[in-house]
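Here the structure is laid out as structure tokens; the discussion comes afterwards.
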Amino acid sequence: MPHMPESTSDMRRKAKDLEATTTSANRANVATEASGLDNGSGLGFPCQDVYQFHSQVRKSPVLTYASHVSTWLAKSPHQAGIAVGAIIVGLLCAWDGPRVWQVLVITASSLGAAWLVHFEAVHKNMAPNLFAELLLMLATTSTVAMAMHIGFEGSQVLVGSFVGFVAAAYCSDWARTVDANIPGIALLWYCSGAILGTWVLLACRRALLSTVAPLFGSYLVVSGLGSLLSHVVSLPGLPQQGVWSLDAVVLLGPAGTQALVWHGVCALLAVSSHRAGRPILALALLVSYAAFVALGALLAGIQCHAKGKRADGTPCPAFLAVPGQWRWQLAGCTAWVILTVVSGWKQLVARGEGQGNFDSRARGIYMPVREVSTEDGLAKKAVEVDPLRTRLPSECQAGSLLPEEKSLTPLTPLTLSGFVHSIHSRRGGIA
């Protein structure tokens, strides 16, 4: 019989059978190569190594370390010591943020590296005893501190990019939604945040620190002092939990740690206003979100003063205050605003730091220099001095060793235009 063409259904069925056979064969190959990797064989391909690595890493290492630190802060029995440490750091920032910034960054980086080494040493049994673990942590702390001190300006790029990336990640709900339709938008948003954070920290460091330090320092002082007093006395306006990390989060309002992004936006607006010569407006913008949280707690206290419910029995709105913590939220945020205004007035208005200046790598401030030439009438004049001639006292001016003689060569700053003008003046003198 002549060969008849196959129907469409038969072709689809054969294609499905071939795909199933190929898939099962690929799975068998992957299993065989994975067993070869487990047995120490080096015949695995790079793509399979990457696949195996991703299959083993179920959680981000950074999130793992952050979760470990958060758990320690919440469950540590030394809550009074943690509160005292927060008060000390807060007082330093509120006193003079730009001056203590380098010390705080180096100390925080060293302690973070020591914590990371401690975490890995405990989970992988790297140190045989406590002394070896302490020695390893000390060596890590010294190495990181020396590296940060020598290359501090370079480390600011890392700090700025990290802060900007974290801020962008906290505000990435819209980016993830758009990324489902346009892949790559979320990654572009994260990179933009990192670039913006780097630029802000390098270009406006002193102005930014003079603005953020009063806000951050006052936050640490108020939260630490409230948590410390809660262990001594029992008052309605003090925190009731006795854990510094939990008591500090209450001051951020119902938004929790996401409120840090809004505080950062207020700080950037305050920096812009202060650089424009409006320090009062800068202070108002700096404490605006903290005052808003205090106002929400006040409204919650007025409406929901009876067991967290309104007079009609309906629950209190969750966006006004943290449930059951409106008194501490009101008292703490009010004290936070007052202390920030006092510290900000000291650093922004009394000293006038950060007005119209750009940071540089050397001194933290870049002052634009205008070239000075002889045409401006500002160049100083020198005199001809013969080193072999003995000068009489009558030839010297009072308080100077230079004789009173006519100037021959003007001195100009070491700039290109000044050099050109000095050449023209020499030619005119010779002619």
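Cβ coordinates come from backbone N, Cα and C, glycine included.
Taken from TrEMBL, the feature region 'Disordered' covers 1-30.
Per TrEMBL, the feature compositional bias 'Basic and acidic residues' maps to 9-19.
Per TrEMBL, the feature compositional bias 'Polar residues' maps to 20-29.
Here the transmembrane segment (100-118) has long-range neighbours at 65, 69, 89, 92-93, 133, 136-138, 140-145, 148-149, 152, 155, 159, 205, 209, 213, meaning same-chain residues at least 6 beyond its ends whose C-beta is under 8 angstroms from one of its own. The transmembrane segment annotation in TrEMBL covers 100-118 (among others).
Annotated transmembrane segment per TrEMBL: 130-150 (among others), in sequence order.
Cβ atoms under 8 Å from those of the transmembrane segment (187-204) belong to residues 156-157, 159-165, 167-169, 172, 175, 179, 268, 271, 275, 354, 358-359 of the same chain, restricted to positions at least 6 beyond its ends. Here TrEMBL flags 187-204 (among others) as transmembrane segment.
If you look up TrEMBL, you'll see 216-236 (among others) marked as transmembrane segment.
Long-range contacts of the transmembrane segment (248-271) within the same chain, counting only residues at least 6 positions beyond its ends with a Cβ under 8 Å from a Cβ of the stretch, are 86, 167, 170-171, 200, 204, 207-208, 211-212, 215, 219-220, 222-223, 227, 239, 282-283, 285-290, 293, 296, 318-322, 325, 328-329, 332-333, 336, 354. The transmembrane segment annotation in TrEMBL covers 248-271 (among others).
Taking Cβ pairs closer than 8 Å, the transmembrane segment (280-302) reaches residues 211, 214-215, 251-254, 259, 262-263, 266-267, 269-271, 273-274, 316-317, 319-321, 326-327, 329-330, 333-334, 336-337, 340-341, 344-345, 348-349 in its own chain, all 6 or more past its ends. Taken from TrEMBL, the feature transmembrane segment applies to 280-302 (among others).
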